[in-house]
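These notes concern the structure reproduced below.
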């Protein structure tokens, strides 16, 4: 998709992303997806995959949103997400490496949620109980509640889902690292070694233990810090405080990495995502490249395009195709976007 800035290129990619994940990558407020002069927004798409065709619909109003598969409304988003898998790569994805921890947690949740409905459900339950626990801790802090028995009940539920989310994230990061390492080595002509390190808030013993023993570890941690949490009025431990570290040649890429190293790390992670989704679900995701080619030097751009050629359906936005010297252009379909209109 070719067009000048502010013509609607990013809006098209955002629509595809939102149709896939039932939320925008740009905003957490669904109301912002509705035009100022309209009462609702509607996104429709038809997915062609190995079993046939499947229409997907998302309907957004100022009161909420509705999603449909094959014209049938889905009561839960966990039933919807995962039917259309996407990977988005945009200039702001550099923040996965150099930004705040919540950006990396969101990255993990968005990608892992597409390939594991179980994880998505566990995460949803965890977030629900976390909200209840924080509300109760505030009431204890301000003296609105005096009996902490309910806190013990919440901690039992909290620990169970916190453990599930933590273990699944840990496994996901190990899988992602195994794929990202050789990709990163290839991009850097074997001059750099990339490693990923999951930094969970709840640090589990490294030795092999049963899930029951792991659960006892989490419960002990929560019990030991119960008074601290009551004094602070907030939950101090759990996956909502996790982080992910990136090391290049043994050095923290966030703190010590050059912008080029950070960009290569982000690119390696995105390419690893694509391969991991194919391994987990048996199909490659749709790749969305939002004005990112101009951000990459010739070497990184060539590596990206060579990796996705012939196997990944890709939507690319750019202001110009000048300078994109790659075989992939021979099979590319070019569309121009002008004032929100797509012109072939």
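Note: Cβ is positioned from N, Cα and C throughout, glycine not excepted.
The annotation domain 'RecF/RecN/SMC N-terminal' is assigned in TrEMBL to 2-322. The feature ATP binding site is assigned by TrEMBL to 3, 4, 5, 6, 7, 8, 9, 10.
This view paints the features noted in TrEMBL onto the structure.
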residue: 3; record: ATP binding site; Cβ neighbours (10 Å): 23
residue: 4; record: ATP binding site; Cβ neighbours (10 Å): 12
residue: 5; record: ATP binding site; Cβ neighbours (10 Å): 8
residue: 6; record: ATP binding site; Cβ neighbours (10 Å): 9
residue: 7; record: ATP binding site; Cβ neighbours (10 Å): 18
residue: 8; record: ATP binding site; Cβ neighbours (10 Å): 17
residue: 9; record: ATP binding site; Cβ neighbours (10 Å): 25
residue: 10; record: ATP binding site; Cβ neighbours (10 Å): 20
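Using the Cβ center of 3, 4, 5, 6, 7, 8, 9, 10 for ATP, the list of other same-chain residues with Cβ within 8 Å runs, in sequence order, 317, 319, 337. Reduced to three states, the DSSP call for residue 10 (ATP binding site) is helix.
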